[in-house]
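Residues annotated as active site, nucleophile in TrEMBL: Cys50. According to TrEMBL, the [4Fe-4S] cluster binding site annotation covers Cys317, Cys463, Cys521, Cys524. TrEMBL lists Ser364, Asp426, Asp427 with the feature Mg(2+) binding site. Annotation comment: TrEMBL describes 50-298 as domain 'Glutamine amidotransferase type-2'.
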Amino acid sequence: MNPSTSAKTKADSNVVSNCTDQLGENVFPDKNYKQIQPEKKDVSGLTCECGVFGAIACGEWPTQIDIGQVVCLGLVALQHRGQESAGIVTSTGKTSKNFNVHKGMGMINNLFNDDTMKKLKGNLGIGHNRYSTSAASEMVNCQPFVVHTAHGALAIAHNGELVNCESLRKEVLERGVGLSTHSDSELIAQSLCCAPLDISEHDGPNWPARIRHFMTLAPLSYSLVVMHKDKIYAVRDTYGNRPLCIGKIVPIGLRAGKPDVAPAEGYVVSSESCGFLSIGARYVRELEPGEIVEFTRNGFRTVDIVERPDYKRMAFCIFEYVYFARADSIFEGQMVYSARLQCGRQLARESPLDADIVSSVPESGTAAAHGFARESNLPFAEVLCKNRYVGRTFIQPSTRLRQLGVAKKFGALAENVEGKRIVLIDDSIVRGNTIGPIIKLLRDAGAKEVHIRIASPPLLYPCYMGINIPTREELIANKLNPEQLAKHVGADSLAYLSVEGLVKAVQVNKAQCNPSKSGYCTACLTGDYPGGLPEDLSW
């Protein structure tokens, strides 16, 4: 979340306080947090992706692994998934009363320093990077959320957006639970605190049963990490819409090919695998859709799998391949980079042309550009120099800032451009505000022709499941066809990858699996929402 103008960019580290609601659930671990009135959710507005991470040490506790640092480095690797706020919660695993908490507005390197990390000691912990989704960009909505239940402190971090949040909110409120924010994450936490009437809890809370109950009420969209005392639960929604994977912390110096036989020093769970090597972990596997995995000091195990209806297919967000994920992450047994390479190859088959060079809008378009170049037997050459200290224009809040952002973000490599017929590959076009200034930049540098090829289909519909795609009115593909858009932005031609081509491309190198356990959400491209529109949902 973004802070209010008076909010500090650095939060204080705090343990869970005793501020409770009617059921004894603590919503605000930091009594200095500013409480705000819940905002009305705009289901047609833009939503965004986040990153979740968890780590737990194996063997004897206290561990020699600095779990706080592991979680922090994991969040650094996931920084591309959220840049508004971040937080880390750690536990020694000895008591259910207190957690160590530090969270606030801003980037990881601004929030966590040496003094902060000293206060985040523990044997297990979870963390979160956030873009605002259904709730306002405010300090009060920073994650992980910590609630104080009758059974001790519970921490939760969430990636995604609950499509049926209004019905779930109504159910939680009817059970006497007070909600202090409009965040889906708080709603999930409070829902887990409400024990289903049909489960037995004589020996303490049955968290897997509570999680299962929540999942039956809210089929999508989420990946969760939930921490209670000495355990972490990782949860992926029944449609597999949001990514979540497991990594194994191995001894330092272990060769990459031997993680299976090495003793585990700990385990991590993450939205993406891209940060595993940097923290000494090795990729193990993805969570299955609907899977609940329990992590303890002894390892991990599947405690339940919640099935979706037989007539529903898996709906993994295909835009993770197109744009959101880091290129070195692994989904479905393949690296994202290789899937983007195949998108470029398929694009070249569908929309070939004669040109001098192929280039890209860096960096997410680069892999597809290499694929296009190889398939077309054309040389690849860089034509844009990127200022790496400027954020994504995709998430800027106004048209004017997005347009100004292009000038700040790119320069042209005139020696590679002058007199050339250029095929410029980009991963997607959203509002269409940035590609025009880029084309002008290349023409000013002497480009003879500029042909635009987009390595994804036209974006036509908003997303209700936690991805940053705006309203239909803002999406340029709803206003202009490719020929009109080419003229509008000053390109000599423009073509998109087809929906069928995109699905085909991301399946070329994927691991073989049961077809019933495979499928993609293409709602933003086709309008076919896996659970229907929010007002049409039956659950």
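Note: Cβ is positioned from N, Cα and C throughout, glycine not excepted.
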Among the recorded positions Cys50, Cys317, Cys463, Cys521, which residue has the fewest other Cβ atoms within 10 Å of its own Cβ? Cys463
Residues close to [4Fe-4S] cluster site centre defined by Cys317, Cys463, Cys521, Cys524, Cβ within 8 Å: Asn241, Ile318, Phe319, Met465, Ile467, Ile469, Thr522, Ala523
Restricted to the domain 'Glutamine amidotransferase type-2' (50-298), the mean pLDDT of the model is 90
To the nearest whole angstrom, state the Cα distance for the pair Ser364 (Mg(2+) binding site) and Cys463 ([4Fe-4S] cluster binding site). 20
CB contacts under 8 angstroms to Asp427 (Mg(2+) binding site), restricted to the same chain and 6+ apart in sequence, sorted by sequence, are Val322, Tyr323, Arg340, Val361, Ser364, Gly365, Ala368, Ile454, Ala455, Ser456
In Å, rounded, how far does the Cα of Cys317 ([4Fe-4S] cluster binding site) sit from the Cα of Asp426 (Mg(2+) binding site)? 19
Setting Ser364, Asp426, Asp427 aside, what same-chain residues sit with their Cβ within 8 Å of the center of the Cβ atoms that define the Mg(2+) site, listed in sequence order? Val322, Tyr323, Ser360, Val361, Gly365, Ala368, Ile425, Ser428, Ile454, Ala455, Ser456
What is the separation, in Å, between the Cα atoms of the residue listed as 'active site, nucleophile' and Cys524 ([4Fe-4S] cluster binding site)? 18
Between the binding-site residues Ser364, Asp426, Cys524, where is the Cβ count within 10 Å the lowest? Asp426
How many Å separate the Cα atoms of Asp426 (Mg(2+) binding site) and Cys524 ([4Fe-4S] cluster binding site)? 17
